[in-house]
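For reference, the structure discussed in these notes is given below.
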């Protein structure tokens, strides 16, 4: 089992999670601490094979849908599941858009599912590592609370420390998520406000076949609700399809889809975007230059996302992909349908993650049974880093202690059996297991790309339709950030996987409609009389 | 209107707030979160004020005439009241959060109430300033001539300076307000409320920018001095700071003098 598997602190996952990753206080933190040295060794060679495999077949992460939900702490499972959902959604479509969507979601495949492929090869090693993990798991079960917050390798820490860690690291992780979400929204809003292409109506996706150019309000509302029903049922079908695929181990199929999606997103959508931006600013670019630019952008993106790359670059690509995807949605979803879809997706997210028979939950449970990570595609990770002090000398908890991870020095850590994740995910394995240093632990947080996409869709729509009003956009932005904050807080309180969409989208919708209808006239009137409140 | 106007006014209005943010808040994640929550509270207070004004307008059936002007004035005054009320609510929330943080985290120093007062004031101020000015700013990038119908051609500059003073005033009001709540000195709260009402009322005489701006800046300076003393400053510490002889500060920054 690969080290650095995101941990799944959720109720479903944590006790049985084979990879004892330190879970962040908010659950979303995916610590990589727990890989025992032995495991590292066995995993190392497996990882090297996998690296090669990864290069050829990028991990296919089930759908962006998975990415949609923030499974703080439930990274892998949840992320994969939700991603799968998104992927399924897009897989079913034949249209270019869908493929692109899918690709987009696939693009973020950071933790390659190659793990899964690898597992087939690693059979024995896995069992061995699984056994190690299981012994650790029993330890974990005893100290489940401590385990929640600390890497599995440090079971001995008192729960008070655990709470402290929660708060100590909670704020930092909230900010680690605020920054990329803000950046994505800024990119989307800047594009919407300047490039007119994305606000022009040029047709609709096949998932929203009903038009909104109807004479009556009732008819329009009905059409948007029907559009939403179709879209959501497509998403549900895709998720179930994904779960089925996963259950029957059709990994190659998944991988192929992932790669194709990534390719389309990185090349075609970028080309279109660049073309529109150049048109807006009336800048001429010859085809050779354009080809070179797009090729370089796309190739580096594929490498960064599916293989190795500097963390910052990978994060930047993921943000750009989410922004491109959000722009596509903003362009092709009709107005009322977009709002109803946003609401419905939040409800679906809530149901899929929290209900016992939800597809995402089932996906996660299947992955747990097999002791393999769920496809981690489409997850934004704010890397990791160091950890962890070990409370006691414990061979199984060697993984807890890790050297500070430095992306540039990644290769140098390979000798220590560092997991060969190209992405940030993999923290270097301990070069000195059994050390009793108390190092500062920093765990990364992961957020599904689907969440990025839908947040940006909400803010982008507010910017596009707010009649040139910036107040609405800002209000939605603040509302989404507050929603994310609350979600992270709830995660820390409930210590189980939670979807990231519902609270933020609800706040965003409330603030959009109230600001647009109530606050805007008030502020406009004040501004026209030059009054200040 | 030119890019010079846009950038100039943007930096006049938001420069100090940006500097305050970069130097004091951006480094600590917890402060950023409290800032954003403060901005959110101001936003909610604005929502309620707009709701009140909207309902008042609907009740009077949107008739045109002087009644609209009176409704607007009433709306402004009620809005100020609601803002201060939400400042109080935020104070209560921070108090609870502070206590929570202290019990859970005895070793780590939770942010002090004074710091939270400053952060909340800045949050309120930034949100208030942005909502007041950002639409005007975006208009300044477009084509047009200012004051073509006889209005003052200094419209943008005046708005920018007014926004700046509102942001700074919110910071000072936050400090004074929280201090008053902590020490149970309700007179401080009343003074904050009254000066806020006064500043808003001064804007009613809007075409006469001179009086408006000068008096508001005067109030801002007074509030600033009061907030400085309330936050624990003294003439001596100010002198030491200005002459770069404040040993604690220098030690903290590891500079030798």
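Backbone N, Cα and C define each Cβ position, glycine as well.
Note that the coordinates shown come from a computational prediction; the quantities given were computed from them, not determined experimentally.
Checked against TrEMBL, the range among A:116-135, A:136-155, A:196-215, A:336-355 recorded as transmembrane segment is A:336-355. Looking at A:287-305, A:363-381, A:382-400, the range annotated in TrEMBL as transmembrane segment turns out to be A:287-305. Note on TrEMBL: of A:23-63, A:64-104, A:105-145, the range annotated with the feature region 'Disordered' is A:105-145. Within the same chain, residues 68-72, 339, 342-343, 345-347, 349-350, 447-448, 450-451, 454-455, 458-459, 461-462, 466, 469, 471-472, 475-476, 478-480, 482-484, 486-487, 490 sit at least 6 positions outside the transmembrane segment (A:500-519) and bring their C-beta atoms closer than 8 Å to a C-beta of that stretch.
Among the recorded stretches A:174-192, A:253-275, A:312-330, the one sharing the largest number of Cβ pairs closer than 8 Å with the transmembrane segment (A:474-494) is A:174-192.
Counted over residue pairs separated by six or more positions, the transmembrane segment (A:336-355) shares at least 3 Cβ pairs under 8 angstroms with the transmembrane segment (A:225-246), which defines the two as touching.
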